[in-house]
Amino acid sequence: MSPIRSKKKIKNEPRLTVDDVNVVPPKKIRPAIKGTVVGNFMEWYDFGIYGYLTVTMTAVFTQGLPQEWQLLAVMFGFAVSYLVRPLGGLVLGPLGDKVGRQKVLYVTMAMMAVSTALIGLLPTAASIGAWALVLLYLLKMVQGFSTGGEYAGATTYVAEFAPDRRRGFFGAFLDMGSYLGFAAGASVVAITTWVTTHFYGATAMEDFGWRIPFLTAIPLGIIAVYLRTRIPETPAFENNQDEPNAVVEKDTEDPYARLGLAGVIRHHWRPLLIGIAIVAATNTAGYALTSYMPVYLEEQIGLHSASAAAVTVPILVVMSLLLPFVGMWSDRVGRKPVYATAVAATLILMVPAFLIMNTGTIGAVLIALSMVAIPTGLYVALSASALPALFPTASRFSGMGISYNISVSLFGGTTPLITQFLLQKTGLDIVPALYIMFFSAIAGVALLFMTESSQKPLLGSFPTVETKSEAVEIVKNQDEDPNIDLSHMPFPDEENVGAEKQNA
């Protein structure tokens, strides 16, 4: 990480001008955010479907397996998709840094929609035996590969497009879309379950009903891909492309352009580790609340599948709608204080939440889920604003792809599988709570080494504002403003520019 620099003006230091500042008015921000959020909605819509159909799909895809392995075999579908995510990040991250964020986001959206719909067309184990489960895993791997670039690209895109002073607010809409997508998936499963069982009998979901939610990805995917084709490229990426001789962090040169992923890992190992720790805490809580909760409520609490789906929807919707307000709060007080609050809330609330949940009443379950949602919401609201700010523009997509996907694949996506396995082995009802608390404690340590990024331009980028008057204000106060560090901005190298003019 770069050392703290003095604000004292240095001779020949580049000066920020009004033309350098990116002015992105709200009328340009809104469609860009909308086109990005739809991808996260689609991704988590699939998680909602798969999570709430896990028990049903056990009967469809695991015939012939020992009973104690059937549920774990379907839950392994979660894990296998996440194990592939780092590969998607390693391939799509550098590609996004090279060809642009918008192009990669278009491709990931198309892959995700097609693979989700194809799951709904798979033959069952009754038709082709174990090959049904193999094909399911293959399609989950395609999903994992695409989402390996999707979230890293989406957070990078939103962070680079959002004004510096409101990055937390606009970034929170990305994860609002995620959890609304999950709630939508849960709602579709609940409605489909009720309709099919009511009109076609108790086995209707296993016979054909499970396919319907996956096939709804076809119209949703068409809309999402269309919206992705209409989003512009980010100003930060375009500025980085326009300035091939840019000088950023001279004394801590970013070697990504020369060394690729090896350079990102070698030079940015500290923000990578910080990102991995924070993402692990965020996603163990997030996936426990979403992907694992349907299984826990059915298998451990004894709720009917439709009730297990329905009871989490209001919690997810309310939490989702509050995320922009948490993001706005982080713009005022900073990302680190909000993250610290999330860590403390996790350590205090998680065990009582699972103890209350195991009393078994619907009221108790709602209270317990609300308690789990508090730290989860505090964590996820900051992901799109805090995590991309750890890395400079030239390697932001790659850095996000590595840190986010490694952490999610090892600690987030495996949460349902690992917690269910530990629960079966120990019989301890609070195992999920202890698992979540462990990773939050690690995140608390990582926060000690994290640099505050609220209100500041992204590393390797010029400031981004909403109005011309803000740009004028920043230029006027650039020497006094503690949030402006000219050494991290992509000014042209005067020597190289002069040499190019001489050779022209």
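The backbone N, Cα and C atoms fix where each Cβ goes, and this holds for glycine too.
Listed in Swiss-Prot:
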type	residues	note
TRANSMEM	41-61	transmembrane segment
TRANSMEM	71-91	transmembrane segment
TRANSMEM	118-138	transmembrane segment
TRANSMEM	169-189	transmembrane segment
TRANSMEM	207-227	transmembrane segment
TRANSMEM	272-292	transmembrane segment
TRANSMEM	309-329	transmembrane segment
TRANSMEM	337-357	transmembrane segment
TRANSMEM	362-382	transmembrane segment
TRANSMEM	399-419	transmembrane segment
TRANSMEM	430-450	transmembrane segment
REGION	477-504	region 'Disordered'
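The transmembrane segment (309-329) shares more Cβ pairs under 8 Å with 362-382 than with any other stretch in the list 41-61, 207-227, 272-292, 362-382, 430-450.
The stretch from 169-189, 207-227, 337-357, 362-382 that makes the most Cβ contacts under 8 Å with the transmembrane segment (41-61) is 169-189. When Cβ-Cβ distances below 8 Å are used as the criterion, the transmembrane segment (272-292) is approached by residues 44, 47-48, 50-51, 78, 179, 182, 264-265, 312, 315-316, 339, 342-343, 346, 369, 372-373, 375-376, 379-380, 383, 386-387, 390, 399-400, 402-404, 406-408, 410-413, 415-416, 419-420, 432, 435-436, 439-440, 442-443, 445-447, 449-450 of the same chain, each at least six residues removed from its ends. For the transmembrane segment (169-189), the neighbouring stretch richest in Cβ pairs under 8 Å, chosen from 207-227, 337-357, 399-419, is 207-227.
Through the fold, the transmembrane segment (337-357) approaches residues 278, 281, 285, 301, 326, 329-330, 364-365, 367-369, 371-372, 374-375, 378-379, 381-382, 386, 429-430, 432-434, 436-437, 440-441, 443-444, 447, 450 of its own chain, all at least 6 residues removed from its boundaries and within a Cβ separation under 8 Å.
Only residues 6 or more beyond the boundaries of the transmembrane segment (399-419), in the same chain, are considered here, and those with a CB under 8 A from a CB of the stretch are 51, 72, 75-76, 78-79, 81-86, 88-90, 92-94, 96, 144, 148-149, 151-153, 155-156, 261, 264-265, 268, 271-273, 275-277, 279-280, 282-284, 286-288, 291-292, 295, 387-388, 390-391, 431-432, 435, 439.
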